[in-house]
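S.K.: Sharing a structure with you now.
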Amino acid sequence: MMVTSSSIPIGQILYHDPFFFVKREIFYFFLIFLLSFILLRIPMSFWEKNSNLILIISIFLLTIVLLIGKSVHGSYRWINIGILHIQPAEICKISSFFYISNYLSRKTNEVRNNFWGFLKPITIIIIQSVLLLAEPDLGTVIVLFLTTLSVLFLSGVKIKQFFIIIFFVTLIITALVLFEPYRIKRILSFWNPWKDPFGNGYQLTQSLIALGRGHFFGQGLGNSIQKLNYLPEAHSDFIFSIIGEELGYIGCFLILLMIFFISFRAMYIGQQSFEKKQVFSGFLACSIGLWFSFQTLINIGAVTGILPTKGLTLPLISYGGSSLIVNLMAICILLRIDFEIRLSEHQAFPKGI
């Protein structure tokens with residue numbers, strides 16, 4: 001609904017078809033809908049056994065996109081295969097969490113008691129991060145590190161090791177910002193977007209105007225002014241601004257409530273998995289919940305001016321084929337984990353009892 005409303009003007013301008021983007025979104029939705037019948041029948045043991053292979057494939061795609069990828073706004077993030085536009089960074093997220101969950105399910109004691117055991121999964125994330133930064137895609141790198149560190153923390157890593165990694169990651173991110181002029185401009189415009197409202201601060205000021213126009217109940221669905229080619233990426237990274245303008249703060253609250261309900265539900269499913277000794281599923285469910293939470297917080301932070309812009313979509317809401325497919329794939333996996341929990345409870349009781 002919101003993709004339709006926010007993408008009509010840009011679809012008309014770029015493709016002379018106001019419903020261009022929503023048609024593509026519907027296509028991707030039906031694609032994952034058909035795939036869901038397969039995904040829901042794949043046991044978690046399959047993902048656990050093949051997590052390393054999936055990780056290798058994602059790293060291969062991250063490498064290929066730098067060679068043959070399509071450039072959009074100076075970033076090489078998409079591989080075009082016919083009508084499909086694949087974004088390897090989205091695949092990288094879920095593949096990383098497969099790997100981390102598998103690693104922790106096998107080597108929890110090593111991670112807790114040995115610094116090298118703790119460093120191994122971090123090394124894999126660093127390799128992926130180097131490829132992601134070459135695109136460049138700092139937003140995905142931040143989500144990967146935040147989620148990975150949080151899952152490692154849940155696994156019982158020593159606080160000392162945890163803070164050592166946080167310290168070095170902070171130094172690296174600071175260096176990445178300082179050595180890239182466009183990132184410095186983003187930081188400066190984030191601090192005071194109104195100082196340059198028609199330059200570096202343009203996108204943020206237009207976003208804030210959209211949110212300000214919405215007030216509590218919004219201007220009404222379809223009545224946004226900012227989507228009329230004023231706010232860049234109104235249908236993708238900044239769709240939350242259009243939600244605020246059209247549906248008001250009430251609409252924003254309901255959207256956040258929905259996303260965080262899914263996140264907390266994922267964490268609860270993870271807890272149940274641990275209780276049933278399904279360790280891989282437990283770590284994976286927690287990873288998905290944390291991933292959705294962190295990406296949502298970063299997106300909302302960028303839209304409202306609390307954080308610099310990172311180019312991250314709002315999970316399950318923003319336009320984006322790869323993002324939608326991977327997010328719904330994660331939902332299917334959560335449903336499968338929940339199914340296996342219920343199945344184990346049913347099998348725990350003999351018939352007639």
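Quick reminder: no glycine exception, Cβ is built from N, Cα and C everywhere.
Annotation source Swiss-Prot lists transmembrane segment at 26-46, 53-73, 115-135, 137-157, 162-182, 242-262, 288-308, 314-334.
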S.K.: For the transmembrane segment (115-135), give me same-chain residues lying six or more residues beyond its boundaries with a C-beta closer than 8 angstroms to one of its C-beta atoms, as numbers and ranges.
M.R.: 55, 58-59, 62-63, 65-66, 69, 75-77, 89, 92, 96, 99-100, 103-104, 107, 141, 144-145, 148, 152, 157-158, 161, 165, 176
S.K.: Grab the same-chain neighbours of the transmembrane segment (314-334) for me: Cβ-Cβ under 8 Å, and only residues 6 or more beyond its ends, written as numbers and ranges.
M.R.: 2-3, 6-7, 21, 24-25, 27-29, 31-32, 35-36, 39-40, 44, 47, 78, 84-87, 89-91, 93-94, 235-237, 239-240, 243, 255, 258-259, 262, 265-266, 269, 284-285, 288, 291-292, 295-296, 299-300
